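Chemist: Just dropping this structure here.
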Amino acid sequence: MATNVGEVTGPRHGRAPAGPSKQPSRRSVRVGRLDLRLSPYLFVAPFFVLFAVFGAYPLIYTAILSTRKNTLTGGDAGFVGLENYRKILWDEHFWIVIFNTFGLFFVATVPQLIFALLIASWLNKKMRARTAIRMGVLIPNITSVAAVGIVFGLIFADRYGLANWLLQSVHLDPVEWRNHRWSSWTAIAFMVDWRWTGYNALIYLAAMQAIPKELYESASLDGASAARRFWRITVPLIQPTILFTVIISTIGGMQLFTEPLLFNYGRIQGGSLNEFQTVAMYIYETTFTNNYNVGRGAAISWLLFIIILIFALINFALVRRSVKGQTS
Amino acid sequence: MSTTMTRPRNLPVEPPKKNRGRVRSASAALWDASPLTYLALIITIVLSIFPIVWSFIVASRENSAVTDIPPPLTPGPNFFDNASRVLANTDANFVYGLINSAVVSSCVTLSVVFFSTLAGFAFAKLKFRGKNALLLIIILTMMIPTQVNIIPLYLLMVKFDWTNTLQAVIVPFLVKGFGVFMIRQYAESAISDELIEAARVDGASTWRTYWSVVLPALRPAAAVLGLLTFMETWNDFLWPYVVLNGDTPTVQVSLNILATGYYKTDYVQVFTGTALAIVPLLLVFIAFGRQIIGGIMEGSVKA
């Protein structure tokens, strides 16, 4: 099958344009042909060479490392099969960080995307100072994660933090933010959402601008309220974009590392009982502290990769279904 | 011509005009931002800007302000004192961190833009066998998270003896699948086949065509890609945190050293460092905000 296709399309693509050649010197024609045939490969080669060394090789090497007993201090001590995976999957610690990662992802992403939709619908109006307003909404996204972690670390400080001061000023009890799962997750979700809501709002805005205005105008003549127009016209029509942002958020959310790390002033354990330690933090802790267990760290990395792949595939399936649903 | 001829003959001119007026005012009500919209957006922007402004406020005060209730919300007089303390801090190596970050971000940006325009042009406009398969691979590379590769990449750096050097945070990031894909999408529509054909007929080699015809035409997309890459590299934390230490820090590594070492004893210094680390990107953002916003919005529609 495959070779057949190649034979059919090959000549048509490659040689037809070069066929009726003009008559410069024979040598320059040959150089020209070589140029036509080789240049595309030379142009894309740097990407693939560099990716092979710093992308593909590490990925494969992670898989190999995950089947070996290997520490940074002791070096390689041979093949152990799936022993690393067994140890991880039988260790409660792994399930705690999985729970945290998914929980944090959920707690952060749902309000983030809802607020982004709202902000986008506000931005999708005729207004003054359009660019300045959009810049104001996007500004958190250009702030570094490390800076965000530090600033929100103080906002959510236990004794003199801004958040607790606000709570007390409405006569609520102050919260020890790092001592409970719910409170640490809330604070970390704030950091993530502060940084990413505006970005997603701009992406939604771009999608909303592609919706024909007449749809809204005729709906409003028919008496549909603003809320109804939003849920019946806007949301269904930008559904592919919503799924796109869900994919991006998933990949980001599964890799959450810096916010929870700096929230607790650089402690990799993420709370005394690992209340907010994520998978990425666990990989770092396993590999670069404690026993420097490279083999096991690699196995956790590979498990994380598989989780992300599964998520991405589910998302792709959903996207395809929604796109199909729209065209039919 | 024909419309002006027929118009006088059309007697019922008035009713449609009125009708159009009503539709226009209805659509104005739909699309003009109401005061409530402005209010909501202003609140959003205040919340967006507040943490940044607040980091500057804290950075301009003294450590004794930490116990203030309510927390300080207006700037104090100490910013330059604090800044000189940060810059003199030998643990954090802040000046060096700023310079390193500028060098690293510039190198990565130039390289990503160059290789992305080169490959993106090839994928959009040149014919070669295996093109679609290779493009699919590039899209798939966008799915691989950095975390997964960190351990072998670190071992590789140890083998090259590159830990604590700038190569370690530059060389692995010289190409980016996203960049190739983005430029390809742009080139597909921005560069006409006739343009390439014309350059060919004039005897330009493929490289020559790229350099003097394609690259200038790709400038808007290349600028956006460059800005996004620069900001992303400047802000990158995890990998520099793994492979660099205080001797050769990027600014984020310096920041982390400040945050972990001085938070309890000298938090004002930590915040001054934070404010200083934000400033360069803030300037970039103020200068190129329009392009960055356009890039994010356009990129999402095409992807």
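Heads up, the Cβ atoms here are built off N, Cα and C, so glycines get one too.
When I checked TrEMBL for this same protein, it listed these features:
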- A:1-26: region 'Disordered' (REGION)
- A:40-60: transmembrane segment (TRANSMEM)
- A:94-123: transmembrane segment (TRANSMEM)
- A:98-315: domain 'ABC transmembrane type-1' (DOMAIN)
- A:135-157: transmembrane segment (TRANSMEM)
- A:182-207: transmembrane segment (TRANSMEM)
- A:237-257: transmembrane segment (TRANSMEM)
- A:299-319: transmembrane segment (TRANSMEM)
Chemist: Give residue numbers and ranges for long-range contacts of the transmembrane segment (A:135-157): same chain, 6 or more residues beyond its ends, CB-CB under 8 A.
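Modeler: Hits for the transmembrane segment (A:135-157): 119, 123, 163-164, 177, 187, 190-191, 194-199, 201-202, 258-259, 261-265.
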Chemist: Which residues of the same chain, at least 6 past either end of the transmembrane segment (A:237-257), have a Cβ under 8 Å from a Cβ in it?
Modeler: 101, 104-105, 108-109, 112-113, 116-117, 188, 192, 196, 200, 203-204, 206-208, 211, 215, 278-281, 284, 304, 307-308, 311-312, 315-316, 318-319, 322-323, 326
Chemist: If we call contact 3 or more Cβ pairs under 8 Å (sequence gap 6 or more), are the transmembrane segment (A:182-207) and the transmembrane segment (A:94-123) touching?
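Modeler: Answer yes, regions in contact.
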Chemist: Using a Cβ-Cβ cut-off of under 8 Å, list the residues of the same chain that are 6+ residues beyond the ends of the transmembrane segment (A:299-319) and lie near it.
Modeler: 59, 62-63, 66, 84-85, 88, 94, 240, 243-244, 246-247, 250-251, 254-255, 279-280, 282-283, 286
